[in-house]
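Straight from Swiss-Prot, the features:
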TRANSMEM  32-49  transmembrane segment
TRANSMEM  64-84  transmembrane segment
TRANSMEM  111-131  transmembrane segment
TRANSMEM  144-164  transmembrane segment
TRANSMEM  180-200  transmembrane segment
TRANSMEM  209-229  transmembrane segment
TRANSMEM  261-281  transmembrane segment
TRANSMEM  289-309  transmembrane segment
TRANSMEM  332-352  transmembrane segment
TRANSMEM  374-394  transmembrane segment
TRANSMEM  403-423  transmembrane segment
TRANSMEM  435-455  transmembrane segment
Amino acid sequence: MKKSIETPLLLNTKQSQDEDKEKIRWEKMKKVASMAAPMVAVNMSQYLLQATSTMIVGHRSELALAGIALGSSFANVTGFGVLFGLSGSLETLCGQAYGAKQYHKLGSYTFTSIVFLLIISVPISILWMFMNQILLLLHQDPQIAELAGVYCLWLVPALFGYSVLESLVRYFQSQSLIYPMVLSSLAALSFHVPLCWLMVHKFDFGAKGAAASIGISYWLNAVFLWVYMKRSSRCVETRIYMSKDVFVHTNIFFQFAIPSAMMCCLEWLAFEVITLLSGLLPNSKLETSVISICLTTSSLHYNLVNGIGDAASTNVANELGAGNPRGARDSAAAAIIIAAVESVIVSSSLFLSRSVWPYAYSNVEEVISYVTDITPILCISILMDSFLTVLSGIVRGTGWQKIGAYVNITSYYVIGIPVGLLLCFHLHFNGKGLWAGLVTGSTLQTLILFLVIGFTNWSKEAIKARERIGDEKVWRHDSLLN
């Protein structure tokens, strides 16, 4: 009789626990999605800032388009990508400090980032002053190289504005203060488009005007966020102040900043290498055009899915800082599920419209036909990128930037690019082979990061996070270790 009474009680308890777990997962998915959606607007606005400049200048001449496109590529890899990667250190430090309620450290970490990013911008600026000569050494067309060099020179003020802006973006992101960034990004973009058109066409500054307008827009965005941070009551406890702590935090900042920059730059550089290699093929104009279309489409998708990655990074970092390993694990799982849904929707839509969407870039039938043929490979690439971007966000939130950097080197430079070279030049798959090499690298990278995250001991990571941000009351009790 006693056994018959206990059995339904046990079943009811188990059912209740399952329902609670399901409810928690659903709440985590809603939390990640509610942050990811506005972050997409922030990322896309920043991306369109440079993209619209290219489009506006491109209407002047084919030479102008080629020059600004080449200049943008090298500026992104040697400058903006470096700063973007370095600021990724704040996703770990600020995110975990906020979760641990060490609010004052957000301000000091962010100030440290601003100072060092501004300092690092100086040698990058000097490098850009010699961009023309560097491009000539790389056997680029002299006219295009000269225009790209002028564009990069006038882009130098944007570099310093970007240093401040990206640090502030991570500061706000760590606190889930997304809507101020949405407003500032959209305002900057709305200001930038007419300003760029006036400077390029009305005042006839050409590429110089486009670069200058980007710098003005970045600074405008940064000033807006700075004023909000200083004036808003929501930032009282985390406010940024000039402090000597910049030297105290130097070691821990660069501990995450350098591998974070490597993660970012190695991946961006791999895509640029593929674009340059396409120029060595027999029909280089066609091959480069197709690879550029694939790269632009992939970049647009990256800025879409990166919102999910940012949300994953913030939520995982906050939960680890709060000493909540189960919350961190559930946040990571929720972000991966959302990425899976997004990847299926985007890749299947692209595949089903493979004979239509290429017309958004070109009216040349030869280009349309080639892009249609390469679309299935591009769909696999987008499928992998969705997971990879979110997994990379989890890596940054946890503080595994070194692991991410090593995985990037192995995936792209030991496997991906060599496979692309083999398929392209030895087996004569041309541009398809180059892009297939990238897909091979991103697939391997995705699988490795899946394994790393799948076998993670989240309890240990929570303890590391609490120790990292200097919390004296590190949670080592049984609830943390279970």
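Placement of Cβ uses the backbone N, Cα and C atoms for every residue, glycine included.
Keep in mind that what you see is a predicted model, and the values were worked out from it rather than measured.
Most Cβ pairs under 8 A with the transmembrane segment (289-309) among the ranges 111-131, 261-281, 332-352, 374-394, 435-455 are made by 374-394. Residues 91, 263, 290, 294, 297-298, 301-302, 305-306, 308-313, 316, 332, 335-336, 338-340, 342-344, 346-348, 350-351, 354, 358, 404, 431-432, 435-436, 438-439, 442-443, 445-446, 449-450, 453 of the same chain lie 6 or more positions beyond the ends of the transmembrane segment (374-394) yet place their CB under 8 Å from a CB of it. Among the stretches 32-49, 64-84, 144-164, the one making the largest number of Cβ pairs under 8 Å with the transmembrane segment (180-200) is 32-49.
Between the transmembrane segment (209-229) and the transmembrane segment (144-164) there are 3 or more Cβ pairs closer than 8 Å, counting only residues 6 or more apart in sequence, so the two stretches are in contact. Take the transmembrane segment (64-84) and the stretches 32-49, 111-131, 332-352: counting Cβ pairs under 8 Å, 111-131 has the most.
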